[in-house]
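Listed in TrEMBL:
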TRANSMEM  32-49  transmembrane segment
TRANSMEM  61-82  transmembrane segment
BINDING   Lys124, Glu125, Asp154  UDP-alpha-D-glucose binding site
ACT_SITE  Asp154  active site
BINDING   Lys292, Asp316  Mn(2+) binding site
ACT_SITE  Asp458  active site
TRANSMEM  530-549  transmembrane segment
TRANSMEM  569-589  transmembrane segment
TRANSMEM  609-626  transmembrane segment
TRANSMEM  659-683  transmembrane segment
TRANSMEM  692-714  transmembrane segment
TRANSMEM  726-745  transmembrane segment
Amino acid sequence: MEKPPLRDYTAANAASAPPLLNTLTPSRRTSLNRAFAAIYTCAIVALFYRHTQTLLSSKNLVSFYVTLTLFVSDLILAFIWASGQAFRMRPVYRKEFPENLEKVVKTSDLPGLDVFICTADPYKEPPISVVNTALSVMAYDYPTEKISVYVSDDGGSAFTLFAFVEAARFAAHWLPFCRKNDIAKRNPDEYFATDYKMSSETEDIKIMYESMKMRVEHVVETGKISEEYNTSDDVRQAVSQWSIDGFTRQNHPTVIQVLLDKNKDKDITGNSLPNLVYVSRQKSETSPHHFKAGALNVLVRVSAAMTNAPVILTLDCDMYSNDPTTPLRALCYILDPEMRSNLGYVQFPQEYHGLNKSDIYACEHKRLFKVHPVGYDGLSGPNYLGTGCFFRRRALCGGPSTLISPEIDGLCPDCVVNQPLTAPSVLELAHHVAGCNYENQTKWGSKIGFRYGSLVEDYYTGYRMKCEGWRSIFCYPETAAFLGDVPFNLLDVLSQNKRWAIGLLEVAFSRYSTITFGVKSMGLFMGLGYSYYAFWAILAIPITTYCLLPQLALLNELSIFPKVSDPWFLLYMFLFLGAYGQDLLEFVVHGGAIQRWWSDQRMWIMRGLSCYAFGLTEFVVKSIGIPTEGFNVTSKIINDEQSKRYEQGVFEFGVPSPLFVTLTMAAIINLSSFIIGLVQFIVDGGSNKEGLIMQLVLTGLIVMNCLPVYQAIALRSDKGKMATKTTVTATLLASAVYAVASLFLK
């Protein structure tokens, strides 16, 4: 990764200046980025000049429509490329100095921290994993009396509640153990999976943790709590009721359980424990619940009633803390007087453990989570990435200069809570604001809190906050602040990306469209930067075009690209190599391996042919009033066989899905086209031979990207191979597409 030079901070400077909390250094590649953008723009203009010439000189309808299709596809690619240049106009790197924080503010004066952890399904998001995430932040190197952890259980699962009852007991031993031994990894599961220092104390803690883990997993598996678990009657009854009567997540009352209270609960050394509150909001089939955004807004209101800390950390249930000093790093920006007036949040990158060597599914999302936020940061800051983000509570209530007060005074961001968590008035207000009808006729979700209107509530919330005038900071320390799990199943990856694609389109074509409202509110570059993602799904059009049209034309010996001897051929080569070369350079500079870059390119094509195409189609269908499927939680459950294949770099296609059909169809067409085209190229020495070289090379590259598909169809016998139903359906579709294309291209 490119390392920024540090600002000079000598002893002489220290004597005359306040302690340095952070530095900012522009990237050394900025000038080169701008120069390349100017040159590449000229090349794009030249490409459209050629397309226009070809359109005007078309001698038949086939030539006209082929050129028009390529023109539209290239127009979309040019728009996405131009939007992406916003990230390259002023990338910056930051460094923070948490060791200087104590020189600026006393430990006793540090702001309170409310941590929000969301979970929704105990079968896809194992409660023991959620517990580990909570324990890792409860053990922060931060005054425990200032930490409050709120767990939102949107599944209303008694299993999750039981797990946190167990976690509350274990925390009394785990937190002092971490402090005493200065442990860096404060997720128990991860700590005991490493080469930890052996001692009798460590072994006792390990036995205690494994016993807790066994009980939690046993309860989830059986749906019953044994008498020996010494659990309260209400928790045991809730689990029994679920196992006997079943459970409807759309209908259940509000449940708020204070599991740890800093004023009452102590660890084994006599120190206060952080607050730990379990929240399951009320749900009803007759009231919209707005998925994760709705759950987060309930936590904003419930926490305001109970603790109202000025700083809020949002975490996904599988993103545990990997660095106990993370809150101090965030405060290096939040407490900086030069930034405080309009700083809305500090975003940390999403980073993952358990990725295989090649990251075959490109789950690292290096551009989304690392490269592009560095570029955003030089403008008005990175987008909210949904987890690992420290908000100022004030930023959730209107713009920097326009405070929008909630409808209840007790929910205002500057309100001080003086009563205990378990005070009847506090609990009464908390239950009231968690009701499913509470938001009716209020500004929650539109002007206050996390925003409704898109499946990607994180992107939409950050975007709307930027439009209101808030800026943000990208904090990218050398040690990962948070680490999370990745899907080991291709279908889960594509389904997640399809949901993102639909949610982003909901923003792109709303009244707050990034290309109109966004540019007007934030300026050209930030508007373009947000548009890069908002219109992500329309990449399905050019990707599908270039994965099918040149190949079908090649099968019919129709040339659609310039000949090698044509000067225009050099333009196409420059556009192709320039875009891929710059992309590869950025990937490698930010610490990526070339092997992972190749996986990223392959998944770019696979997403375009599957989840982007389906997401775009579903959005259009939904827009005309036809109901579609709702939000699905991505599974965090790991199957042993799938895990083994993932570690070996083998793709998982075992479950039949329409998402695999279009991908397999394109793979079959490309392989057939490449083989037949290569034979024709070698055997037939006709005059059109030179004009087909570009199509043959392009088809060959796509065939290389589709090798996992061919292996899954014909070379594998494990459970992850392509389903026969998918292969047959794709083959029939490929034959039909070829037959129809042949009628028009000949």
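The first residue you see is number 1, and the count goes up from there.
Using N, Cα and C of the backbone, Cβ positions are placed for all residues, glycine too.
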Contact set, same chain, for the transmembrane segment (659-683): CB under 8 Å, 6 or more residues outside the stretch: 491, 494-495, 498, 544, 547-548, 551-552, 554-555, 557, 606, 609-611, 613-614, 653, 689, 692-693, 695-696, 699-700, 702-703, 706, 709-710, 713, 722-723, 726-727, 729-731, 733-734, 737-738
Stretch among 61-82, 569-589, 692-714, 726-745 sharing the most Cβ pairs under 8 Å with the transmembrane segment (530-549): 61-82
Of 32-49, 61-82, 569-589, 609-626, 692-714, whichever stretch has the most CB pairs under 8 A to the transmembrane segment (726-745): 61-82
For Asp458 (active site), the one of Glu125, Asp154, Lys292, Asp316 that lies nearest, given that the binding-site residues are compared by Cα: Lys292
Lys124 (UDP-alpha-D-glucose binding site) versus Asp316 (Mn(2+) binding site) - Cα distance in angstrom: 13
Same-chain residue ranges lying at least 6 outside the transmembrane segment (61-82) that approach it to Cβ under 8 Å: 40-41, 44, 47-48, 51-52, 54-55, 528, 532, 535, 538-539, 541-542, 545-546, 549, 553, 558, 560, 579, 744-745
Lys292 (Mn(2+) binding site) as reference: those binding-site residues from Lys124, Glu125, Asp154 with C-alpha within 10 Å of it: Asp154
Most crowded position, judged by CB atoms within 10 A, among Lys124, Lys292 as binding-site residues: Lys292
All-chain count of other Cβ atoms within 10 Å of Asp458 (active site): 24
Residues of the parent chain within Cβ reach of the transmembrane segment (569-589), under 8 Å, 6 or more residues beyond its termini: 1-2, 29, 36, 40, 43-44, 46-47, 50, 81, 366-367, 371, 561-563, 596-597, 600-601, 694
Local Cβ density at Asp316 (Mn(2+) binding site) - other Cβ atoms counted within 10 Å: 24
